[in-house]
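Database features, via TrEMBL:
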DOMAIN    1-152  domain 'MGS-like'
BINDING   His19, Lys23, Thr45, Gly46, Thr47, Thr48, Ser65, Gly66, His98  substrate binding site
ACT_SITE  Asp71  active site, proton donor/acceptor
Amino acid sequence: MELTTRTIAVRKHIALVAHDHCKQSLMNWVSANKALLAEHELYATGTTGNLVERSTGLSVNSMLSGPMGGDQQVGALISEGKIDVMIFFWDPLNAVPHDPDVKALLRLATVWNIPVATNRSTADFLIASALFSSSFDIDIPDYQRYLKDRLR
Ligand SMILES: O=C(CO)COP(=O)(O)O
């Protein structure tokens, strides 16, 4: 039989961010999905990233702490097309000093059409989706187009 598809492994670039009162919730979610997340490239704001590394052993590209510019750094990565999906458990009950940065990050995620989960149930939906499968079958012509796009 003629080979028309091939299987490719895709490491997605995932941003993890959580405000202080939501960090435990994010850590629980990351621990529950550790095996799957380990197949991808993780980015995070400073404190969130350090906590994820410490509590799970996963390796994370940590930016500055959020209030010190970390949200803006993640936003810049999104603008450069370097983040595929963002899990951002922001706190709806407590004000943060860098609220403009939080808004800017959420705005850029929308501008660049990045899937964003802001709570656990949405994060569960995203991680259960094909978006997170680290390998998939692809038609050879689609694969060639995919490569061309990625190398552009
Ligand atoms: O403040 C944040 C997002 O707005 C998160 O920053 P940290 O991960 O450094 O706590």
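The backbone N, Cα and C atoms fix where each Cβ goes, and this holds for glycine too.
Whatever TrEMBL says is automated annotation, not expert-curated.
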Would you mind pulling the DSSP three-state label for Asp71 (active site, proton donor/acceptor)?
helix
Across the whole of the domain 'MGS-like' (1-152), what does the mean pLDDT come to? Round it, please.
92
Go through His19, His98, our binding-site residues, and report the one whose Cβ sees the most other Cβ atoms within 10 Å.
His19
Taking the Cα atoms as reference points, how far is Asp71 (active site, proton donor/acceptor) from His19 (substrate binding site) in Å?
11
Let's check the environment of Asp71 (active site, proton donor/acceptor): how many other CB atoms sit within 10 Å of its CB?
28
Any idea which of the binding-site residues Thr45, Thr47, Ser65 has the thinnest Cβ neighbourhood at 10 Å?
Ser65
Non-site residues, in chain order, whose CB comes within 8 A of the mean position of the CB atoms of His19, Lys23, Thr45, Gly46, Thr47, Thr48, Ser65, Gly66, His98 at substrate:
Val17, Ala18, Asp20, Ala44, Pro67, Gly70, Asp71
How big is the substrate site in terms of the longest C-alpha to C-alpha distance among His19, Lys23, Thr45, Gly46, Thr47, Thr48, Ser65, Gly66, His98, in angstrom?
17
